[in-house]
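Per TrEMBL, these features apply:
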type	residues	note
BINDING	His75, His77, His234, Asp308	Zn(2+) binding site
BINDING	His75, His77, His234, Asp308	Fe(3+) binding site
BINDING	Arg84, Tyr142, His171, Gln237, Ser313	4-imidazolone-5-propanoate binding site
BINDING	Tyr142, Asn310, Gly312	N-formimidoyl-L-glutamate binding site
DOMAIN	255-373	domain 'Amidohydrolase-related'
Amino acid sequence: MPEAPTTCSITNIAALVTNDPAQGDGSPLGIIEDAALVIEGDTVAWVGPTHRAPAADQTHDAGGKAAVPGFVDSHSHLLYAGDRTQEFNARMSGRAYTAGGIRTTVRATREATDEALAATLAAHLREMRAQGTTTVETKSGYGLSPEHEARALRMAARTPGMEEVTYLGAHIVPPEYAADPDAYTALVAGDMLDACAPYARWVDVFCEQGAFDEDQSRTILTAGKAKGLIPRVHANQLTHGPGVQLAVEVGAASADHCTHLTDADVEALAGSSTVATLLPGCEFSTRAVYPDARRLLEAGATVALSTDCNPGSSYTSSMPFCIAIAVREMNMTPDQALWSATAGGAQALRRTDVGRLTPGCRADIALLDAPSHVHLSYRPGVPLVAEVWQAGVRG
Ligand code: NIG
Ligand code: FE
């Protein structure tokens, strides 16, 4: 008989966000006050008021902290080398963001050793974990050749804690294909896809003026689907474009950025299962206009929040920072922002095992030095994440 897994009870939680409306206060966040949570092995076994907590092998006193599901960062670009400080400085002096700087990072990434790439990835994962993130998606997109894209994705796929991996060969057309972008599209949808598909679950395209147009994007997403990858799209970041409509058309799990939306785009998202993933760090770091999350939510769309962590447009790994900006600048309530950074991210990754703290879910928990999750936006910039538990293990 295999031994029963150890049980551990976290008690004395001031307010536990479960994201299960059937729990606690009955709000979408399902908040239980003076709560306990029992972990069995790597899984949540029980949640409820402390005074009703069942006995466990071990007890951990949360000391009156608030607890939230570990953040689900469903959009990042961590497979890169180099630095774009100069570009950021130029932008803060008035220069516009054009995404042309991606080529600077491509040059540095191609020159980097495997060890250097792996070290950067590991450092970002540690940084994210310390800020409460327990599920991470990341993309290729700074290699832009079959060899360099596959190398990055292979590395991601074998890195512990790097759970969701996305093929973004269609980030921008590399200089060697500048004269023939359609030939590059054919490569991304052909040999490069063949080399990359074994390491990825998702296929992404930067559908934007100056990157990939609607037809090129459709070709790549359709080819990815035929290989078993699920689409997601960088959509409507710099301009009103076809990205959101295309994402809905191909059944993408998520349309990301959504900075420039028409009413028809909002309606299309609301009438689909495609999640609108908003990336407030990007508007912050590019001095762009923030999208209005309330407009999407009132229409009935599902909204996720993510960092978009990358060295160009959003060099932050902090979900708490993104939550705070989304509340202040995107018309979200603290409850909506917390939901989008946890359950919303899980939905954008089609995951049901993370983003909630209910029996059967993975025991991914962030304990906050605060009496409630509202402090994440009420006290912006303050390092409130005190403890992170990942799959039942306190890190
Ligand atoms: O999501 N827009 C495309 N890709 C990234 C930016 C990449 C870069 O500037 O290096 C984004 O913002
Ligand atoms: Fe991105």
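Every residue gets a Cβ built from N, Cα and C, even glycine.
Comparing the binding-site residues His77, Arg84, His171, His234 on other C-beta atoms within 10 angstroms of each C-beta gives the minimum for Arg84. The shortest Cα-Cα distance from His75 (Zn(2+) binding site) to any of the binding-site residues (Tyr142, His171, Asn310) is found for Asn310.
Within the same chain, residues at least 6 positions away in sequence whose Cβ sits under 8 Å from that of Ser313 (4-imidazolone-5-propanoate binding site) are Tyr97, Ala99, Cys282, Ser285, Thr286. All chains included, 31 other C-beta atoms sit within 10 angstroms of the C-beta of His75 (Zn(2+) binding site). Comparing C-alpha positions, His77 (Zn(2+) binding site) sits nearest to Asn310 among the binding-site residues Arg84, Asn310, Gly312. Cα of Gly312 (N-formimidoyl-L-glutamate binding site) to Cα of Arg84 (4-imidazolone-5-propanoate binding site): a distance of 6 Å. Close to the recorded Fe(3+) site, the chain also has Ser76, Lys139, Asp256, His257, Leu279, Cys282, Ser306, Cys309, Asn310, Ser313, Ser314: residues not among His75, His77, His234, Asp308 whose Cβ is within 8 Å of the site's Cβ mean position. Distances between the Cα of His171 (4-imidazolone-5-propanoate binding site) and those of the binding-site residues His234, Asp308, Asn310 are shortest for His234. In the vicinity of ligand 1, defined as a Cβ distance under 6 Å, none of the binding-site residues His75, Arg84, Tyr142 are placed.
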